[in-house]
Ligand code: DHB
């Protein structure tokens with residue numbers, strides 16, 4: 001019997017596939033749909049302290065090889081997602097869900113995390129260090145000094161299971177420097193990768209999204225090699241207690257298989273879920289199971305991280 005169940009941060013999940021933050025997760029109704037699908041769990045839209053309308057539309061476009069977005073962190077505000085998760089954990093106490101969050105400033109991040117710490121929330125928190133789309137705000141995770149400072153402050157008071165969402169890095173020295181920072185902290189996971197920030201897509205003579213004169217985060221088929229490289233680079237460098245979530249360019253079971261081969265313990269669908277809808281979970285799960293069966297693998301641990309090199 002082939003199984004795609006997994007363990008992350010000490011919690012068990014029936015399937016290793018879930019949504020990526022930003023897709024199918026803005027409202028309770030969308031989150032319930034992911035919950036009731038074959039996905040192993042869900043993550044909420046990244047919450048800020050207060051409701052945000054986000055950037056002007058059009059702010060997301062599907063394109064042939066992926067997507068481009070500059071949403072600008074539209075979300076219902078922390079209380080909406082936290083209250084829903086508190087109610088859900090009463091209703092489904094045997095399952096575990098992810099709350100994504102980040103403040104509009106370091107202070108706001110601390111305010112949010114202290115509120116989560118003080119609550120009864122017993123799931124996993126994903127701190128998003130990689131939002132590329134708020135005009136005037138650089139991505140936290142590209143500033144290593146800031147990243148180290150925020151994590152040092154957070155772990156002075158935060159005791160619940162916490163991981164971080166990362167942007168792609170493109171230099172071996174940056175993998176080394178980032179991993180050296182993350183290894184200092186009791187992180188449960190890193191999620192590689194968020195969109196490749198600030199690409200530009202042109203149709204005829206025009207950009208296709210309105211914010212930032214068309215610049216936006218790139219997802220989908222374009223980004224799989226970068227995503228796999230980041231998953232594997234951190235799998236090689238992080239202490240084993242910090243697990244990896246693989247996100248980026250998962251269109252097929254083969255893509256999910258490759259993320260797991262690179263070291264991922266959980267795999268997220270972003271652009272593919274946006275383009276194909278909830279059926280993607282079933283299709284990709286079946287495709288992944290077929291590959292495992294053909295290769296004689298019964299569980300993810302049989303091939304996780306076992307990427308082969310050429311001598
Ligand atoms: C948004 C985009 C991201 O890639 C992210 O990590 C958080 C927010 C956005 O534009 O809403």
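The backbone N, Cα and C atoms fix where each Cβ goes, glycine too.
Of the residues 165, 289, 295, 299, TrEMBL places 165 in the same FMN site as 45, 46, 128, 193, 220, 248, 249, 270, 271. Proximity note: of the listed recorded positions (131, 193, 248), 131 have a CA within 10 Å of the CA of residue 72 (substrate binding site), given in sequence order. When the Cα atoms are compared, residue 195 (substrate binding site) and residue 248 (FMN binding site) turn out to be 7 Å apart. Listed binding-site residues: 195, 248, 270. Those with a CB atom under 6 Å from ligand 1: 195. Around the Cβ of residue 70 (substrate binding site), 27 further Cβ atoms fall within 10 Å across all displayed protein chains. In this structure, the CA atom of residue 131 (active site, nucleophile) is 10 Å away from the CA atom of residue 70 (substrate binding site).
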